[in-house]
Amino acid sequence: MTIRKVLNKYWGWTFLIVPLILQVVFFYFPMFQGAFYSFTNWTGLTYNFDFVGINNYKILMTDGKFMKAIGFTLVLTLALIVGEIVLGIIIARALNAKIKGKTFFRAWFFFPAVLSGLTVSLIFKQVFNYGLPAVGSALGIKFLETSMLGTANGAVIASIFVLLWQGVAMPIILFLSGLQSIPSEIVEAAAIDGADSKQTFWSVELPYLLPSISMVFIMALKAGLTAFDQIFALTGGGPNNSTTSLGLLVYNYAFKSNQYGYANAIALILFIIIGIVSVLQIKLSKKFEV
């Protein structure tokens, strides 16, 4: 076989070499390196460390901060999944109706998606700390006179609200696209058969929205389990670690306490959780595809 024939046969593979090298160097190598360090007491400050086996994982089981972070992360993730799906469908159905100015409203609801999560959190931090208390004082509304971020329950609610306010923008577009993909003949046939809005949704619209729901589920799951920058800017994990997510906990142990080995153990647990849930969700979603 001549050189020209070899090049012609394998030329396409040469375009994959650079991406594969980059993926190995910047994804797979750090991933396996992090998994290795999770079995050490590495501080990140020197090259000296001791192999401690599964000791870091044993400590996790009795770490109050870790358990608290697990609880908040699960609450946040569940709220985002339910909120983005339910609100996304409701708003998408409203925007799909024949209303005046729907182009404006579609752009309005999508606007939060183009903003930086950090910027949104910093803006809402000022609103919760100064804006709402000022309004509460002016109107004599007692529960608004103090910052929501000053109490554990208030900070949790504020965190969910901010992430949901920005996170629901993309699901609205996805659900709107799904609704517009429904053949008009099917909708008209349902109307002729006497189906009301509720019956049309459950029997006609929902089956076409299932692929979008599956995608939104994964997006919300990832956003909840990996939440970091918004929480970091909005509450910093406080008060009293009530809004510390797993991502923020990894950051605190790694960069504030210099416990890189322990932080990698938490990160690996988070990676495994996301992987398992994602695989199960993808398999289940295939059973409901139209």
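Glycine is no exception: its Cβ is also placed from the backbone N, Cα and C atoms.
The transmembrane segment annotation in Swiss-Prot covers 12-32 (among others) and rests on sequence analysis. Only residues 6 or more beyond the boundaries of the transmembrane segment (12-32), in the same chain, are considered here, and those with a CB under 8 A from a CB of the stretch are 271.
Per Swiss-Prot, the feature domain 'ABC transmembrane type-1' maps to 70-281.
For 72-92 (among others), the entry in Swiss-Prot reads transmembrane segment. A Cβ distance under 8 Å defines the sequence-distant neighbours of the transmembrane segment (72-92), meaning residues of its chain 6+ beyond its ends; these are 109, 156, 159-160, 163-164, 167-168, 171-176, 178-179, 209, 213, 216-217, 219-221, 223-225, 227, 242-246.
Marked as transmembrane segment by Swiss-Prot: 104-124 (among others).
Taken from Swiss-Prot, the feature transmembrane segment applies to 156-176 (among others), supported by sequence analysis.
The transmembrane segment annotation in Swiss-Prot covers 201-221 (among others). When Cβ-Cβ distances below 8 Å are used as the criterion, the transmembrane segment (201-221) is approached by residues 77, 80-81, 83-85, 88-89, 93, 167, 170-171, 174-175, 177-179, 181-182, 186-187, 190, 195, 274, 277-278, 281-282, 285, 288-290 of the same chain, each at least six residues removed from its ends.
Under the heading transmembrane segment, Swiss-Prot lists 231-253 (among others), citing sequence analysis as support.
Summarising the annotation, Swiss-Prot assigns transmembrane segment to 260-280 (among others) and lists sequence analysis as the type of evidence.
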Highest-contact recorded stretch vs the transmembrane segment (104-124), from 156-176, 231-253, 260-280, CB pairs under 8 Å = 156-176
